[in-house]
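As annotated by TrEMBL, domain 'Cytochrome oxidase subunit I profile' applies to A:10-520. Annotated transmembrane segment per TrEMBL: A:29-51, A:71-99, A:111-131, A:151-175, A:195-219, A:239-263, A:275-296, A:308-332, A:344-367, A:379-404, A:416-444, A:464-485, in sequence order. The region 'Disordered' annotation in TrEMBL covers A:504-527.
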Amino acid sequence: MAHEQHNYLNHQKGIWSWLTTLDHKRIGIMYFVAIMSFFFLGGVFALLVRAELFTPGKTLFSADVYNRMMTYHGAIMVFMVIVPGIPAIFGNFVLPIMIGAKDVAFPRLNLMSWYMLMIGAMITGSTLFMQNVDTGWTFYTPYSSIKTGMGVIPMVLGVFIIGFSSILTGLNFIVTTHKLRAPGMTMNRIPLMVWALYSTAILQVLATPVLAITLLLLIAEKALGVGIFDPQLGGDPVLFQHFFWFYSHPAVYIMILPAMGVISELVATYSRKVIFGYTAIAYSSLAIAGVSFLVWGHHMFVSGQSEFAGILFSFITMLVGVPTAIKLFNWISTMYKGSIRLDAPMLFAIGFMFLFTIGGLTGVYLASTGMDVHFHDTYFVVAHFHYVMVGGTLMALMGALIYWFPKVTGKIYSDLLGRIAWVFIFTGFNVTFFPQFILGNMGMPRRYYDYLPTFTELNQMSTFGSWLIGTGFLVGLFGVFHALLKGKEAGNNPFGGKTLEWTIPSPPPHENFDKTPVISGGPYEYR
Amino acid sequence: MNWFSFITATSFMPVPATKESGDVDNLYIFLLVSGLISFIILIGGMVIFIFKYRRKTEDQKSAYITHNTLAEFLWSFIPFVIMMVIFAWGWSVFHDLRRVGEKGDVEVHVTARQWAWTFKYANDIEINSPSDKKLVENDPDSTLLKPEIVVVPVGKTIRFILTSDDVLHSFYVPAFRNKMDAVPGRRTTFTFTPIEKGDFTVFCTEYCGTKHSNMMATIRVVDGEQFAAWQAEKLAASAGASNKGPAERGEALFKGSLGCGGCHSIDGSRIVGPTFKGLYGNKRDFADGSSVTADDAYIKQSILVPTAKIVAGYPPAMSSFQGRIKEDEIKDIIEFIKTLK
């Protein structure tokens, strides 16, 4: 029986053994608990923001309270949920197992990364009780540096520390992938999830320091009056945007690449078929990572930067569309002549492709300079990035949760509950965010507390959709408790996966493998 | 109605009101149609495969297909070509929207500040928007203010020269399909040629604090004669205003070009800053614990160096009016405040 076995969950006992653990699997679970708590908080803020927008004028809160909720919703979701989400939780759990390693390269650094996320989150979160921040998650100067309260300083200090958590995790994954692969596992035999995490890690290590420096400069200006971004002190307000997006555009791919890795695994397993175009998917991840460094200026077509800069950034941005399209074509081709089962994780994968296609195609609108001028900073943009980031990342996160749940806990997540959650989340996303494209067409700007009466019906539809999403995630959460208490015993490989984690017991033993595996073929050999 | 005006109308785009906006709509239609076709190919293919290749028996085998070079080349190359077309088309439309350095037939200096726009014509006509009247009168919860009307002539090239007094703002007119940030310490331009008469709403699209959603104005496009008549009427009104008493001039400044009413009420209600009702001659308590009786010197200091004394319970949000206000105008404002008992 599985629960009598010696595994990583019963290897040591007590809360202290968890808080000092160096086991990547336990750290993954600690990330899961932490990030899901942040997700709950960010979700509550989202529901409140949408509730306020149910009618024009004041519905529940004053404009100041609304602006703060909008800020915390964005900052929590971006910095504490979607950026660390899949790499920190599932990357930590499966990456070493997928390449046949006993742990990550630097287990202590891995634990430290978790603590840095917690410390950063606490400092950022403390501003909720002391001095609320109302800048939006982008902290644009000079509003953040001269026009609002000092709460901005602890807020960005927290984000700065969270950034280091991200850098250290990335560093750990790069070294692990390079140094700890099992014998025979060449780079062209690693699972696509590992390729995605590896590409993400490169972005984390190279881009995040720029955010750190930017936030330090912001603190220097606000606390010490050093003129960097504030024109009254001789600074340049647009400089902040260049710095900020130099990180935050690659960050979009830090959010979406791991999700793409998850989708590659799910599509292969549930189609029971060798992945189509392994090399293309793997190298397109690297291509996306590389090009994404050169596109930050597409956030600034109307900022007053030169027309030439706008055109150049538009051109490079278009190039990102190609590797992204390649991935979609590859996943769909993997399903061709497959043996497809529509279990809950596959439904989430299909939902991902549906929402991500809409998000990606509308991204082309925004990459085109002449069109972007109309849509920039309207609800069209809000809809677009929620389709990509939320529809994409959170769909993948739910799929990953149900797919790897048996491996992590030894219990099977109820497929029925997974499907019910999917119906609510998928329908809810479309009901919430599709009307926002139309609001953008009509010209409703984003971050608005109050709006013209002509925008009312579409906003109400959107708010209604947010309740569906909320319900879906509550069902998903219920599924976790249900599976822990009443879930069926999983066995080693309940879904017929081919990657290495399915060759070891569920839950895995303390050091993953009794005997180091030797690899002699690709990761998805369904023959 | 031809097919493409049908598409723009059903996508809820505002009626295109400038020469440039029609070109943007043509690009929009291309994006919409090519996007829909791509969506149908991708998602349609996916849905067909889901149904056709559903697992019927547990031992059902799948085909072993690792790659197909021709297919992969085509689905990389074709999207690349389409995206280059969209890029080049977007570039050409963008170039028409920007027209940097081109002088307008009518030139207006637009200054943004929290949370109002000031439009200043070459002949010193000045419009401040929004007004202090509510936009939706019967709704006590509505926070929107009625936009003031800025008049421009149809068929001429209009150039707005934008800047900001405090933080970033963005000047956006959906019907013109055009938008430009107002950046402190910098001048940017917003050039357009209106072809439709009517009223068009201006929004602020760069988040700028509490009343961001309230920064509206109305651009009214009229024919040349009506524009000339409007200008003459405005000039006459401002000539009349200079014959008024100091308190009345102060009231005009308060409500008009200085835009004090955006943050300070005169009826005792709390907006962003403290109310001016009952201010003069009464005690003020400050955040640092000190207090003073509000007199001419205190009010003058508050206008020129607003951060010197912060009233308890309010944020240090006001920017200095140094350089934007004359000595006489300060006196007029003080006279006006004296009347607010």
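Here the Cβ of each residue, glycine as well, is placed from N, Cα and C on the backbone.
Annotations in TrEMBL come from automatic prediction, not curation.
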DSSP-assigned states of the region 'Disordered' (A:504-527) in counts, ordered helix, strand, coil: 0 helix, 0 strand, 24 coil
Beyond the flanks of the transmembrane segment (A:464-485) by 6 or more, those residues with Cβ under 8 Å of it: 36, 39, 43, 46-47, 50-51, 398, 401-402, 405, 409, 411-414, 417-418, 420-433, 435
Chain residues in Cβ proximity to the transmembrane segment (A:344-367) (below 8 Å; excluding those fewer than six residues from its ends, i.e. six or more beyond): 256, 259, 262-263, 266-267, 270, 298, 314, 317-318, 321, 324-325, 328, 331-332, 375-376, 380-381, 383-389, 391-392, 395-396, 398-400, 402-403, 413, 415, 417-419, 421-422, 425-426, 429-430, 437, 495
Remote residues contacting the region 'Disordered' (A:504-527) - C-beta distance under 8 A, at least 6 residues beyond either end: 2, 5-9, 11, 23, 25, 96-98, 100-103, 182-185, 188-192, 268, 272-275, 278, 406-410, 490-492, 498
Closest-packing stretch to the transmembrane segment (A:195-219), where packing means Cβ pairs under 8 Å, from A:29-51, A:239-263, A:275-296, A:379-404: A:239-263
Of A:29-51, A:71-99, A:239-263, A:275-296, A:308-332, whichever stretch has the most CB pairs under 8 A to the transmembrane segment (A:379-404): A:239-263
Candidate ranges A:29-51, A:111-131, A:275-296, A:308-332 - greatest C-beta contact count to the transmembrane segment (A:71-99) (under 8 angstroms): A:29-51
Stretch-averaged pLDDT - the domain 'Cytochrome oxidase subunit I profile' (A:10-520): 94
